[in-house]
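K.L.:
Quick one: the structure is below, and I'll ask about it shortly.
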Amino acid sequence: MKMADTGKREVCEDADETCKPTAAKRPKCGAENQPDCDGGGECANVLSGFKVKSVLRDSARDKTIFIHGTVEDQEAVVILEKTPMRQDDLAEIFQECRLKLQMKNDIYSTYQLQPPAHLNEIKTTVICPATQKHVKKYLSQEMFLVEETGEDYLSTTLPYIESQSFSVQWVYNILEKKAEADRIVFEDPDPDTGFVLLPDFKWDQKQLYDLYLIAIVHRRNIKSLRDLTSDHLPLLRNISKKGKESIQKQYGMPACKLRVYLHYQPSYYHLHVHFTSLNYDAPGCGVERAHLLTDVIMNLEADPQYYQNRTITYTLRADDNLLLRFREAGRC
Ligand code: M7G
C-alpha cells in the first residue's frame, strides 16, 4: 500500500461576505508566508492568536469540536478532531507512554495513558477568513426536509444558489495546480471528460478506514446533479472507472469497498464526486443527501432529462435562507 504524503496544513479560502472570491481580500490569519499549495512540514503557529467566540458544535462521540473565533481581526472557523488509533503505532505507544493509575479492583484497572506527543495529534482544519455562511454550515441546527421539484429548482433554488453559494476558488486552485498539486492522486486532463482525484480535506490519510477522496471535474459549467443530462455520461463513467482504478492502485482498496456518490445539495457548486471507504460513516453519506454514482449513471441512461424533472428530497437547516424561500413560495 502506498500512502500519499500527509501533513498539517491550513486551508484558507478566498471569500468575502457574499461568498464571492476577491483578489484584494487575502487571508491574514498569520498565514501570509504560507502559500495555498504549501503542505507537509512544520509551520508557524497561526493559531496562537486565535480568540474563541463560541463553540458551534461539539460531538463527544466523534471527538470533534467546531469553534468560531477570530485570528487577528478576521473571522475564523477552526475544527479540531482527535485522530483514530492506528494499529501500526501500538508498539510505540505501549513502549513510550506514561501511565497514571486511576483505579484498581481485583482483575480490573483503569489508567490515563499519555502517548508520545507525535502519536497524539489533533487534526485541525482552519477556515480563514470565514464567512457567515461557513459559521452557519458548522452550527448545530434543527433540520427540515424539502421536496424540490424541477420547477422549484428553476424558480427558487437556482436564483438562490447563484446569489449565495460558497466561493469555489479552492476548486480552481486545485484544477490550476495553484494549491494541493502535490496531493493529486490521479488526473485525466481531458477538458470534457477529465477530472482531478485527490484526498478530501476531511481525510488526514493516516489510515484507510476513513479513506475519503474527491474527484473534481475539469468542466466548469456543471453546478450539481441538477445540471446532469445523458450528455455527461462519458464524464461520469470515466470518473467511476478511473477513480476506482486509481484508488485500487494507490491504496489497494477495491471498488467493492468504496461508496462513490454525489451530494445534493452540495456546499460547493462545481461538480465533484465523493469516494469514501464503505467502512466509514462519512458525514453526508445518508439517503437524504448522497446519490450513488452508479444510480446517477443508470438514471441518465434510462432518461436523459432525469435530473431536470425529478423531485429531489433533501434537508435544509432552520436558518438556511433557501428554506425561507421555500416557505415563502408555500413549498414547505
Ligand atoms: P460538498 O458536497 O460540496 O459539501 O463537498 P460538503 O462540504 O458539505 O460535504 C465538498 C467536499 O470538498 C467536502 O467533502 C469537503 O470536505 C471538500 N473540501 C472542501 N474544501 C474547501 C476543500 C479543500 O480546500 N481541499 C480539499 N482537498 N477538499 C476540500
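Every residue gets a Cβ built from N, Cα and C, even glycine.
As listed in TrEMBL for this protein:
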{"type": "BINDING", "residues": "Trp170, Glu180, Asp200, Lys202, 263-274", "note": "substrate binding site"}
{"type": "ACT_SITE", "residues": "His272", "note": "active site, nucleophile"}
K.L.:
Can you tell me which of these binding-site residues sit near ligand 1, meaning the Cβ is under 6 Å from at least one of its atoms: Asp200, His263, Tyr269, Leu271?
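P.N.:
Asp200, His263, in sequence order.
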K.L.:
Pick out which of the recorded positions His263, His272 has the most other Cβ atoms within 10 Å of its own Cβ.
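P.N.:
Its Cβ has the most other Cβ atoms within 10 Å: His272.
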K.L.:
Measuring CB to CB from Ser267 (substrate binding site), give everything in the same chain under 8 Å that is also at least six residues away in sequence.
P.N.:
Lys137, Phe166
K.L.:
If you count Cβ atoms within 10 Å of each one, which of the binding-site residues Trp170, Tyr269 comes out on top?
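P.N.:
The most densely surrounded of these binding-site residues is Trp170.
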K.L.:
What is the separation, in Å, between the Cα atoms of Trp170 (substrate binding site) and His272 (active site, nucleophile)?
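P.N.:
Given the Cα positions, Trp170 (substrate binding site) is 13 Å from His272 (active site, nucleophile).
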K.L.:
Far apart in sequence but close in space: which same-chain residues, 6 or more away, have a Cβ under 8 Å from Asp200 (substrate binding site)?
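P.N.:
Within the chain, Asp200 (substrate binding site) has Cβ neighbours under 8 Å at Tyr212, Leu213, Ile214, His274.
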K.L.:
Minimum Cβ neighbour count within 10 Å among the binding-site residues Leu271, Val273: which residue?
P.N.:
Val273
K.L.:
Which ones in the same chain are close to Gln265 (substrate binding site), with CB under 8 Å and 6+ residues apart in sequence?
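P.N.:
Result: Thr157, Ile161, Ser224, Arg289, Tyr314, Leu316.
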